[in-house]
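Participant: Below: one structure in C-alpha cells.
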C-alpha cells in the first residue's frame, strides 16, 4: 500500500512518454529526428504533469531540463500536451472521487494543498531562511556527490549481469524494509493529541498517528512517517499547526534514513525517481530547522518544511523556474512563492560551487556525448582543423558500388562527404554530404549503372516515395550486413548526386574550435564539414562529429592541454 | 485616484528596465551586445514581475516574448532578477500594509485573490467553455487586426510632429473621459443588495456600488465598473457569488467601450499597456457568457470571467505558458488551471488562423528587421549567393588609411571583410572580418606606418586595454565624422590583422538560403560571409546582414517569386 498512490501517477507519467514511442510506428510524420525529439520532450512534460498533477510545471521541467533547444513551436507543443494531460487527469480524478480507484484521486488536483495564510515574517525569519537555504544547498551538493559515487559502484555491479542486478535490488529492498520496520522501535510513544481531527491511533490502514506497538491512546511518530504513503508523509511534514506532532529525535532518524535510502535506491533496477525522496528529505530537514527555531521564529514548522524541500530540490536538481512552479502547483501556496524563490536562489548558488546538477552528472557518468551549450574555454585556443580525426572517406559524385559497400562495412560513420572529381568537373569540388541511411536505401534499390556518368537524378523521384528515406524506428532500419551484392553489381556505378545534401554546414579549417562548437551545438548538427583555407588542397579537410568536440577526444589529441590554465587565461582576456 | 495602484506598479516595472540602462554606463561588464541584451530581458522580466506581482510569470514572459535566444544562463539571470523583485515587493507591501502608500499594497502579493473551491463541472460546462474559447479567439484576432490598422493611422499622425501627438493624446483622453462619464447615464439604478459586505452605495471614493445620480439605497452598476480602479473592476468581474451585481445591458456597454478604448489608447503617446485592457475586456466578455449561461451551467459567472480573460489574452498575445502562470499568480486559483489551459489552447489556435500575435505585429509594423526563428519556405529555393547585395567593400590586411576613411565615410556598413593580397600572401586569402567600431578605435590611435608591411601586432596589446574596444553606450561611440586626418596620414598604412576577427562564420555561395538564415538566426549573427564555391574567384563573394534576409529585400531582387506557390510546393515535398 505504501507506494500505490505514487505508482499510479508514475505509471501515467511513464505511459506519457512510452505512448508516443508506440505511436511513432504508424505516424509517418514522426519519422525524422526533430519531430521524434520533440515528442520525447512532450512525453517527459506529460510525465511530470501527470506525476505531480502540475501541468505548467511539466512544460517548464521539459524545457529547462529535457530540451536542448528552445523553439517557440516546442513550447506550444509541450503546452498542448500538458493541457490535454491536465484535462484528462481532472476528468479521471473527478471519476475516481468516489473511491473507485484506490488511493488515486485523493487530494484532488493539488497533491499537498496548503493554502496557508502566511504569517508576516520579520528580519530574523529572513535570516533563518537564508541559513536554511545555505545548508540545504550544501546537503544537495553532498547528495549529488554521494549519488555519483554510488551510481559508479552500481554500474560496475550491474554490468556483471542480470543475477547481480536482481541481487542488488533484493539487497536494497531488504535494507529498506529493515529500516522502515526496525527504526520505529527507536522512537518513544507519544500520547494522542486530544484535539486530533483524524483517528488516533490508526492500526492496519494508511493514515497518520500509527499505533505500532504503542499502548492504546498513544502513537509512534516515526512509524507514522515510515508506514505512510510518501504523499501522506510529505503532507504531514508540510502541514501547519502541528508543531508537536513529531519529536526532534524521530525527525532526525527519519531524515538520515530517507537521505541514505534515497541515495542507494536510485541506481537499482527499479523505476524509482529522485523528486519524491528529495522532497521528503528536504521537508524533514526543513521541519527540523523549523522545530529548532520554534522559539525564535513565528513561522510555522510546516512552512519551513516547504522551504527545506525547495532548498534540497535547488541543491540537487539545480532547476529554478520549474521547481518553483511544480512546488506551487503541488502546494497551492502562492504567498510563499517569494520565499521559495529566495531559497532556491541561495541553495542553487551554493551547490553550484561544488558540482553539477544531478541529471547532468548522470549524463556525464553514462558517457552520453552530450554537448554543453557553451564552448569550453580551452577550445578558443584550438582551430577546427586541429581536432579532425582521420582517415577521411569521401565518395565521388558517381561512385563504384564496391567502394561504397566497403566503406559502409569497415566504418561506422553516418555521414560521408561527396566530392566531384575529373572527369565530371574540371577541378575537385565538394558536392555535399550523404548519410549512411540514404546510401543504404539507394543501394537496396540496386539501380546501378555500367559507366561513370552523371544522371539527371529523375529516377530517384520516380523510384522512391518521400517516405522511403524517412527515418525508421530504432533497430528497424536497413543494415549493410543485410544487403548482398554480386561481383558484377560491385563493379557498377551509382550516382550519389540525387541523394546528396548539397547545403551542408561548413567551417574553414582555421575557424576557432569554440565557434565551431557553438555552431554545431546551436544548430543541433550531426556532421560539420571542415573545408580548407587555401584552394591548393583537396576541397574537404575532414568531418566533425559530436565525438570530436568531447573533452576526452580533445585531450587525447593534445595531452599537454591544461584546461585550468586556459580557463584562467580566457577569463582574463 | 483611478490609476494610482497600477501606476506605482508600472513605475516599478519601468524602473526595472531603466535602472539597468543607467547602470550600464559604469558597469564595464555590460559593454557588449550579449550582456546588454540579457539585461534588457531581465529588465522586462522584472517589469512584469512587479506590475502583476507575478515573479515566475515575469520570467516566462521574458523568455516567451522578449528573448530571441534561450540559454540556461539567461533563465538563471531572469530568475535571479525576479526573485529579488519578489522579495523587495513583498517587503514593500508589508511596509505599506498600514495604508501609508495610497492604494499600493492593497490586495497583498496576489492582486485578484479568488481561491475559489471549484464546482465540479459537467459535459455541458465543458462545451460552453470550448465555445467561449473559440469566440474569445475570434475577438482576440479581431483586436489584433483593428489595432494594426489604428496604429498605422496613428503612426502617420505622430510623424507629423509633437503638436499632432499631443492633440491626438488630448482627443483620446477627452473621448475616454466622455465615455466614462457619459455611458453610466444609460444604465438604470439597481437597489443595493441587502447582504452587501461593502458599503452600498459609495459616494466620492474608490469602491464598488457607485451611487452616481441614483437615489439613496440604489447603485449604478455601470458607474461601478467605470469609476473604479481597473484592478477593482477586474476583481469585481472575477468575484464569485455575485451573479446579479451587474446587469446584462451594463456589461454589454462596458465591454464595447473597453474594447474600443483599449484599441484607440494603445498607440497614443502615453505609457499604457495592453495587458490590463485585454484582461478587462475579456473578463467582461466572460461574465456576459457566464450570465447568459446561468440557467444551463453550474459554474459561477466569476469563473467564466477568468476564462474569458484567458481567452482574450490567448487570442491577442498568443502566449501560453506565461499567460497561464501570470493568471495563476494574479488569481491564486490553481484548481482552474486545467480549464485556463484548455481555453488558451483553443483561443490561440483559432486566432493563429487569422493573424500574428500583437507584439509580432507591432514589430513588423515598426519596421524592425526582426528575423523569424524559422526560415520562410521560399528561401529553400534560393541560395546564399542570390541575395548578396553589392558593391562589396573589402580591405587589405595592411590597408591605406585613406581607403578606410573613405569607405567608412561613404557607407554605413558595420563590418568589412579583410583579404590578404600579394605581396603579403601568394594568392588572395580571406583573413576575416573587421567591424566599424574597432576600425574607428584603431584609426583614433593614429598609429600608422609608412609602408605596406605586416606588423607583429604586439603594439595593439601594448597600446590598448581590453575595454578600449568595448561597446560604448548608445550615442557615445566614436564617429568617423569626429576624426580628422592630415593628407600625410591619409597616405600611410595601418595593419588590420590584430583587430580582425579571424573566425567569422562563413557559408558557401551555393548554400541554401533557408539554411543560411537558420545559421544567422540561431547564432544571433550580425554578418555572415559568403565564400565562393570554386577557388578560381576572389576569396569572398559578399557579406550577408540581417537586412538581406528580410522578405522585402528578397522580393525586390526576385519580383516574380511567389511565396504562396513555393509554400505549397515545399509543404508537399
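Backbone N, Cα and C atoms are what each Cβ position is placed from, and that goes for glycine too.
As the structure is a computational prediction, the values presented were derived from the model and not from experiment.
According to TrEMBL:
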DOMAIN    B:387-449  domain 'CBS'
DOMAIN    B:499-560  domain 'CBS'
TRANSMEM  B:39-63  transmembrane segment
TRANSMEM  B:69-89  transmembrane segment
TRANSMEM  B:101-121  transmembrane segment
TRANSMEM  B:127-147  transmembrane segment
TRANSMEM  B:251-269  transmembrane segment
TRANSMEM  B:275-296  transmembrane segment
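Help me understand the surroundings of these features in the structure.
Facilitator: Confidence over the domain 'CBS' (B:387-449), given as mean pLDDT on the 0 to 100 scale, stands at 82.
In terms of DSSP secondary structure, the domain 'CBS' (B:499-560) contains 22 helix, 14 strand, 26 coil.
Counting only same-chain residues 6+ beyond the ends of the transmembrane segment (B:127-147), those with a CB under 8 A from a CB of the stretch are 121, 259, 262-263, 266-267, 278, 281-282, 285-286, 289, 293, 296-297, 299, 304, 307-308, 310-316, 339, 342-351, 353-358, 361.
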Participant: Mind checking which residues of the chain, 6+ beyond the ends of the transmembrane segment (B:69-89), have their Cβ under 8 Å from one of its Cβ atoms?
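Facilitator: Result: 12, 16, 38, 41-43, 45-46, 49-50, 53, 55-56, 58-59, 62-63, 109, 522, 524.
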